[in-house]
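Comments concern the structure below.
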Amino acid sequence: MAQPLLEARRLTKRFGHVRALQDADFTAYPGEVVALVGDNGAGKSSLVKTLSGTIRPDGGQILVDGSPVELHSPLDARRHGIETVYQDLALAPDLDAAANLHLGRELYRGGLLGRLGVLDHAAMRRSAVTAFAELGVDLQDVGAPVATLSGGQRQSVAVARAVAFANRIIFMDEPTAALGVVQRGRVLDTVRRVRDRGICVVLISHNMPEVLSVADRVEVLRLGRRVARFTAADTTVEELVGAMTGALDAESAGGAAGSAGQAAADAPRKDGAP
Amino acid sequence: MTAQAPAPVKDRQETARRPPVPSWLRRVAAANETWTFGVLALLVAFFTAARPSTFLTRYDITQIATNAAIYLVLGVGMTYVIIVAGIDLSVGSVLVLSAVLSAEYTIHHGGAGSGWGTIAVSTLIALATGLLWGALQGWLVAKAKVPPLIVTLGGFGAALGAAQIITGGQDPAGAVSGKLQKTIGFGKLFGQIPWLVVIAFAATLVFGLVLAFTRFGRYTYAIGSNPEAARRVGINVDAHLVKVYALVGLLSGLGSVMWLAYFGTTSIAGHSTDNLKVITAVVLGGASLFGGRGSVLGTVIGVFIPAVLSTGLIIMGVQQYWQDVAIGVVLVAAVYLDQFRRRGRDHG
Ligand SMILES: Nc1ncnc2c1ncn2[C@@H]1O[C@H](COP(=O)(O)OP(=O)(O)O)[C@@H](O)[C@H]1O
Ligand SMILES: [Mg+2]
């Protein structure tokens, strides 16, 4: 396959004495949908936050287009064309959908007003309406505070924000978790359409049939480490679950399987989410 | 191309159809300002009906506005602080310290008879004192992560203490140039509008517009609403907090200049409850102590509610102390309503 777009090598991250990532590897290629799966507490969100510049790893290396990069902040990641839909959505509930979509990337009025930092509310609203329409999201009022929206609509706002600005890679951390059947389908359509635009999508999900239907590849994380990689087309739900739970260790490279038993000794707590 | 976005099918669980009210109307009805303005209008209507000949004469309006001017200036700064989910208890003491430092300069440079040069420098001293004190408090909040309640409670005591050390606890004589008092203090624009009111109006307008229409205002709301989200979209949260606390300090400095011009003395002992009055006004104006919500327009209304109430009660011959009771009740009710609505809303 081609040169990886984004590669993580032996990332480690500790929170106190919880080891969220232990020599975690991850690879994403241009133009693919790669699913990142694992049990609760496997380190998926930590890996995503590390690769989107939100948390700094304690060790390891991140490569974009094969060259090492330092992601000191989410801005650094954005500069590499990386956008993220965080599991907690990272929206400002008192601001409306249009403001959230453009947060940190506001549009300004022309001329002197713009140089004084005066925002172009109308333009941001228009562009938000377009962005939501493209996703098939039905927001009656882009001017209503995000807090007044339903959980699904909020999730849509976070997805729309990432999709509107990503040009290379989007991380989606459980973007379908709060959604009903119809909206879930819509998000998966969005994933495919974004991929068809040539943007790589990293999808985190606990829904294995969903993963196999939309992803080109699957990488499995367990106890803070990549333990398996699959091509979605030749994989079954049973294999994925086996790799997630450790019943099956398919990662051949790097001897990761060999130390899995030791890793299990300091297993992180499960956080009880469904 | 795999799939087209399906036509917006209604998710039953998603959209409980709202009644067909236009969205702007819904927004106006939901806005806190609408309700507080209603309260203010009711008060005015009540007093006008009770005492048609005496309430809200031109004299009253001018007097109410003049009395409110300084609180308004402090309130504008406090609005920003409360929107970023902070609080500033130090405003009154910072005002006193700014007044004292500027007075010290005036006393040694011509006193009551000093000219415009001295007025200019002493004004700059007052503004700079407030700005620096505020920035220091902001730094402690943002970088040292000391809770704002504690930082500004400390600032409240320390600034007042510093002012008392400098003056020996006595309001010094010759603290203000007579020229400043005659023009800004008692003078009127076009012989009509007191300069104090003009200054307060200008500050309110400028910072009201900044809050509503600029990036600075947008980031203020974003940080108060969800600081982590603000950080993740690349907003420099710490720097912004420092600026916000510096702003309220600067406006306290401006308030001290207005105070000196109007009252002609530093009134060291007279500002211990400014903070409570100003916070009350901001909260009455619909700002949320949890951050993320509030507006300068709301604060304007919130400042005028106590002002109208006290004038009205005086005119009606009611003991003025009833005003404090009324304000206290309204304040608690306002915060209760805010929490109540927040709970309802966050179920979403
Ligand atoms: N900010 C944090 N502070 C402390 N522990 C954390 C933090 N974030 C994650 N962890 C811990 O790290 C481990 C991995 O968490 P996470 O990356 O959220 O897993 P996943 O997303 O796969 O469920 C868990 O044990 C979790 O409790
Ligand atoms: Mg997670």
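Backbone N, Cα and C define each Cβ position, glycine as well.
In TrEMBL this protein carries:
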{"type": "TRANSMEM", "residues": "B:35-56", "note": "transmembrane segment"}
{"type": "TRANSMEM", "residues": "B:68-101", "note": "transmembrane segment"}
{"type": "TRANSMEM", "residues": "B:113-136", "note": "transmembrane segment"}
{"type": "TRANSMEM", "residues": "B:148-169", "note": "transmembrane segment"}
{"type": "TRANSMEM", "residues": "B:189-213", "note": "transmembrane segment"}
{"type": "TRANSMEM", "residues": "B:241-263", "note": "transmembrane segment"}
{"type": "TRANSMEM", "residues": "B:275-291", "note": "transmembrane segment"}
{"type": "TRANSMEM", "residues": "B:296-315", "note": "transmembrane segment"}
{"type": "TRANSMEM", "residues": "B:321-337", "note": "transmembrane segment"}
Could you check whether the transmembrane segment (B:275-291) and the transmembrane segment (B:68-101) come into contact, where contact means at least 3 Cβ pairs under 8 Å with the two residues of each pair 6 or more apart in sequence?
yes
Surrounding residues of the transmembrane segment (B:113-136) on its own chain - C-beta under 8 Å, 6+ positions past either end
88, 90, 94-95, 97-99, 101-103, 105-106, 155, 159, 177-180, 242, 245-254, 256-257, 260
Beyond the flanks of the transmembrane segment (B:68-101) by at least 6 residues, Cβ under 8 Å:
125-127, 129-130, 133-134, 137, 141, 148-149, 152-153, 155-160, 162-163, 166-167, 172, 175, 194, 196-197, 199-200, 203-204, 207-208, 211, 220-221, 223-224, 227, 240-241, 244-245, 247-260, 262, 266-268, 271-275, 277-279, 281-283, 285, 287-296, 298-300, 302-304, 307
As a test: from B:148-169, B:189-213, B:296-315, pick the stretch that has the greatest number of Cβ pairs under 8 Å with the transmembrane segment (B:35-56).
B:296-315
In the same chain, residues at least 6 away from the ends of the transmembrane segment (B:148-169) whose Cβ sits under 8 Å of its Cβ atoms read 81, 86-90, 92-94, 96-97, 99-101, 104, 133, 136-137, 140-141, 245, 266, 268, 271-272, 275
